[in-house]
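Have a look at the structure below, then the notes.
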Amino acid sequence: MAQITLNKLNKTYGAVEVIHDIDLKIADKEFVVFVGPSGCGKSTTLRMIAGLEEVSDGELWIGEDMVNDVPSKDRDIAMVFQNYALYPHMTVYKNMAFGLALRKAKESEIDAKVREAARILDIEHLLNRKPKALSGGQRQRVALGRAMVRNPEVFLLDEPLSNLDAKLRGTMRAEITKLHKRLDATFVYVTHDQVEAMTMADRIVVMRDGHILQVDTPQELYDRPVDMFVASFIGAPQMNMLPATLRHTETGFAAEFDGRLMPLPVQDNPARLASFGDRGVILGIRPEDMHEAPPPGLPSEQLAAIHGTVDLAEPLGSEKHLNLSAGGVQIVARVSARCPAVTGAPIDLTVDMRHVHLFDPDTEQSILYGRDS
Amino acid sequence: MNPVFQGVLAIAVAVAGCGAYFYLSNLFLDRVLYPPTGRDPGRNVNRANAIRPWLFLAPAILFLALYLGYPVIETLRLSVTDRVPGGFVWAGFDNYAQMSRESKFWEAFRNNLLWLIVVPAVSTALGLLVAQLTDRISWGNVAKSLIFMPMAISFVGASVIFKLIYDYRPASQEQIGVLNAVWLQFDGGLASVLVLRVVPGLLLAGFIAAAAWLIWAMLEPVLLGRRKQGALSILLRAALSLGALFLIWRAVTSIIGLALVDLPYGQPQTWLTIPFWNNFFLMVVLIWIQTGFAMVLLSAALRGIPDETVEAAIVDGAGPFQIFFRIKVPQIAGTIAVVWTTITVTVLKVFDIVYAMTNGQWETQVLANYMYDKLFRSNDWGVGSAAAIVIMLLVTPILVWNIYNARREMR
């Protein structure tokens with residue numbers, strides 16, 4: 001059992017606090033991805049779990065043990081580094097065997113484990129080479145292999161794919177996911193790439209400025225972001241943020257933008273929404289929720305219209321991205337490739353209001369899905 | 001004329017001369033020899049550019065040939081000739097034969113070997129130790145500057161300093177030499193035994209262990225037959241093992257001697273006249289100077305090791321010693337080789353220290369000083385030149401290896 005628990009975990013460098021009392025429970029065999037912009041503290045958190053950074057305050061538990069003062073080697077973890085961190089003077093075989101040899105494992109056992117890992121990662125033919133003679137992808141496999149041979153309960157991966165080219169990154173992403181299924185261990189993965197986070201994670205931890213903003217499954221994170229930062233960090237192109245005013249109507253609530261009323265989805269907590277009555281709010285609309293024509297089968301109460309001018313139309317083959325100005329703001333819409341819109345032309349878009357978001361402009365918290373505060 | 005003024009004048013003239021040479025020679029090339037005009041200006045420019053590097057190389061080539069190349073050939077000639085009134089006669093290898101019959105030559109040869117083993121090893125080891133220990137402490141840079149400082153002192157200057165440290169005054173007078181002052185503090189009690197017998201004994205035991213490990217490392221692959229070894233490799237390994245075995249033998253006898261020797265407590269010593277050990281007192285001077293050199297290069301190399309490899313080793317379960325010896329040292333092996341061989345070459349040429357401190361008396365002779373003795377005191381150009389050739393033959397392979405390593409490091 002290797003669940004990881006962070007309890008009011010805190011990291012300070014001198015007087016500067018970089019991780020602020022974060023709490024997190026990572027279940028046994030879970031694949032958790034830490035994501036956030038650079039400097040958000042995700043790598044520092046990982047390094048604390050690895051034992052490469054001291055915990056300044058709070059508790060760090062791995063399995064049944066509090067490991068604040070347990071040296072790295074006794075934590076039953078393995079780590080894969082961004083720059084692979086292979087030992088340049090050792091062959092691939094020795095690189096992978098090093099950890100086991102330090103633990104005084106039998107030579108036959110080391111050999112069996114190294115060859116098994118090499119077979120799984122398809123690097124058997126490279127065992128006698130030095131890291132210098134390997135390509136980036138091969139080095140990454142060796143780094144994974146070095147972590148695998150020790151059979152640790154926890155794998156820590158620090159942006160392992162960021163030095164690979166885009167195509168290889170896609171392949172390795174799938175392989176790491178498969179490896180997780182196969183190895184049956186807890187994976188903690190740090191990345192700044194939201195695609196990696198979305199595709200690989202059981203749960204995603206979004207961090208900013210040393211705080212955890214939201215911990216959720218990828219879909220939940222996409223559908224119900226708790227604040228404007230999470231909403232715009234996840235999803236590409238970014239969610240559109242429109243300044244609007246909240247209005248009470250006979251049928252419920254609506255957001256007024258560019259002089260039009262846009263009906264808001266039915267709320268399970270209308271009182272909360274009512275408290276924002278006639279106030280400025282931020283209306284968040286994902287680009288794919290805007291359509292060039294009303295989607296069939298939706299009642300008109302769930303639709304709204306936006307009128308704008310196309311500044312730029314980017315055809316991508318499978319779809320088209322329209323950059324338009326409407327009501328004084330820039331909006332990106334993802335429409336079908338057959339949409340006839342051309343640059344400079346006025347356009348009317350239909351918004352699917354079932355999936356919109358509403359944010360408090362002062363606190364940036366989500367009004368619809370926010371934490372109950 | 002005031003000598004200071006002469007010096008300044010010499011510098012000014014030399015610098016101006018260099019500037020004038022480069023300016024005027026290029027001017028001549030571009031304006032007179034191949035001007036970019038006429039029927040085919042493009043070809044002229046290409047020709048001028050093909051010649052230009054040689055303009056810059058020419059002075060260096062000239063002076064190297066004049067002051068390094070020619071003397072080698074001339075020394076070779078002198079070493080196979082004998083001076084007679086009004087000229088010279090062919091002597092063949094007589095000079096070499098005569099030299100090999102002189103015990104003083106073999107003494108110098110043996111001492112040089114001793115220097116060769118001790119000084120590079122100790123300087124590199126100390127330099128590595130200092131580089132590692134000063135790497136992560138706040139006052140590390142101050143410590144490094146202090147250790148580097150002796151590099152700025154000439155060998156003769158350093159010798160004078162150490163001559164004062166080893167200085168002798170009769171027991172009735174105040175000692176001005178630090179070593180004798182310390183020595184007189186020992187009275188044969190427990191502390192004396194500890195410092196003068198137990199500690200050196202342990203150091204020697206450590207040396208024996210290291211040498212034994214070397215033998216094992218050399219012979220293990222051959223004995224266990226894990227990998228096919230070439231005949232040359234086996235020969236080299238056997239030779240190195242025999243050398244290490246000899247060193248172990250010397251160390252064991254030294255330990256026994258250390259235990260049995262009757263130390264003259266309370267009497268100031270003339271350190272530089274104690275045969276065999278006085279060699280080490282001389283070596284200390286060079287080690288004192290070269291440690292700084294080793295430290296600077298090794299410290300830079302240690303800094304160049306990627307942090308991630310060290311962190312990966314920490315996660316892999318390596319302790320501080322394993323990280324140092326199995327992760328860090330192998331990664332800077334190239335630099336260590338360069339440092340080691342550079343110091344080795346310096347050691348083979350060592351002259352000033354011996355000349356200034358003992359002048360080869362009391363069995364401290366080394367080859368360079370032996371050569372000087374023959375050439376300028378005995379006026380025996382034949383044997384002196386033969387000694388010079390021997391030194392050159394010893395230095396050359398190490399130098400070649402050194403340059404090979406240094407070039408590989410730069411890639």
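For all residues, glycine too, the Cβ spot is worked out from N, Cα and C.
Automatic, uncurated: that is what TrEMBL annotation is.
Just so it is clear, the model here is predicted, and its values are computed rather than measured.
Residues or ranges marked as domain 'ABC transmembrane type-1' by TrEMBL: B:109-402. If you look up TrEMBL, you'll see B:7-24, B:54-73, B:113-134, B:146-166, B:178-196, B:202-223, B:235-260, B:280-302, B:332-357, B:381-404 marked as transmembrane segment.
For the transmembrane segment (B:280-302), the list of distant contacts is 114-115, 118-120, 122-124, 126-128, 130-132, 134-135, 144, 147-151, 153, 155, 158-159, 162, 166, 271-272, 328, 332, 335-336, 338-339, 342-343, 346-347, 350, 353-354, 357-358, 364: same-chain residues at least six beyond its ends, Cβ to Cβ under 8 Å. Stretch with the largest number of CB pairs closer than 8 A to the transmembrane segment (B:146-166), among B:178-196, B:235-260, B:381-404: B:178-196. With a cut-off of 8 Å between Cβ atoms, the residues of this chain six or more beyond the transmembrane segment (B:235-260) that come close are 117, 197, 200-201, 204-205, 207-208, 211-212, 214-215, 218-219, 221-222, 229. Using a Cβ-Cβ cut-off under 8 Å and counting only residues 6 or more beyond its ends in the same chain, the transmembrane segment (B:381-404) has close neighbours at 72, 75-76, 78-83, 91, 94-96, 98-99, 102, 105, 112, 337-338, 341-342, 344-345, 348-349, 367-368, 370-375.
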